[in-house]
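Notes to accompany the following structure.
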Amino acid sequence: MSEKIVFYGKEQLQRIRIFNYSESNDKTLIVLHGGGWRDPRNSYNDFEDMANYILEEKKATNINIIGIDYRLSPFIKHPVHLIDVLTAFRYILENYKTGQLSIVGHSVGATLLLEILNYVEIIQTGLEQLETSEPSIEELQTLFDFISKNLTFKTMYFLDGIYDVRALLEEYPSYDFFVKSAFVSTVAIEEASQLSWKQHNEAFKIAVDKYEILHSLEDELLSLNQPKLFAKYLQDRKIECSFRTGNWGEHEQVYRSQAVSEHVLQNM
């Protein structure tokens with residue numbers, strides 16, 4: 001299939017980009033962009049270089065590659081970003097033969113990957129803070145049931161991510177300007193991540209074979225504190241993970257790194 005844009009919802013950013021797809025392929029790579037929950041300059045197009053490396057340079061056309069966009073703050077608030085991503089997954093799984101799924105999340109895309117692992121608790125608590133009646137309980141339950149039955153991953157790649165927003169603000173108080181755009185309260189911030197939540201203590205609900213944490217040593221926006229916190233969280237719970245660093249460029253360059261793309265390709 002040639003490249004294609006498909007909508008999974010009614011809004012402009014509720015869309016996916018099909019970089020490559022064939023029903024005969026038995027692996028699918030999903031790519032999920034960052035941008036601080038709010039930056040329209042970030043989209044599934046961030047991963048064009050990675051897709052081109054895998055498909056053109058390495059000739060790995062036996063891999064489906066699909067990018068997900070989601071609505072942005074301040075127009076929507078947490079946990080609606082996560083609901084959009086799960087809705088996109090339902091659309092993909094209902095309409096395409098994906099085979100074995102792996103996913104790359106960059107920056108807050110990596111945050112969303114972590115949230116996916118306990119999507120029920122995080123969405124329910126987030127909606128309580130948001131005080132909204134949409135989506136309905138019935139709509140959410142249908143989505144939750146589908147995800148529970150159908151979504152598993154071979155590999156999750158967490159790329160220069162944010163895993164504990166509370167700790168992020170302690171380290172970088174100036175980042176408050178974009179965090180407040182995405183969250184309605186301090187409680188919403190704390191309960192959005194397993195590393196800081198207080199109301200839950202749940203095991204991950206989505207099966208994942210491999211956790212790959214990657215962080216560029218040249219990242220000018222995020223220190224190694226965030227990936228170290230996440231790696232410790234996993235290790236404390238006896239969950240195996242790989243934690244790698246390298247000179248892969250600045251924050252908005254790391255997903256363009258051929259070394260990162262090669263690592264993704266080799267570990268699917």
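Cβ coordinates are placed from backbone N, Cα and C, and glycine is handled just like the others.
The active site, nucleophile annotation in Swiss-Prot covers Ser107 and is backed by sequence analysis. Under a cutoff of 8 A between CB atoms, and with a sequence separation of 6+ in the same chain, the neighbours of Ser107 (active site, nucleophile) are His33, Gly34, Gly35, Gly36, Asn42, Leu159, Asp160, Gly161, Ile162, Leu222, His251.
On its own chain, Asp219 (active site) has Asp160, Glu250, His251, Val254 as residues at least 6 apart in sequence with a Cβ closer than 8 Å to its own Cβ. Annotation source Swiss-Prot lists active site at Asp219 (among others).
According to Swiss-Prot, the feature active site maps to His251 (among others).
Residue counts for the motif 'HGGXW' (33-37) by DSSP state, with H, G and I taken as helix and E and B as strand, are 0 helix, 0 strand, 5 coil. Summarising the annotation, Swiss-Prot assigns motif 'HGGXW' to 33-37.
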| field | Folded-back contacts onto the motif 'HGGXW' (33-37), same chain, C-beta under 8 angstroms, at least six residues removed | value | 43-44, 46-47, 67, 69, 72-73, 78, 81, 105-110, 160-161, 175, 178-179, 181-182
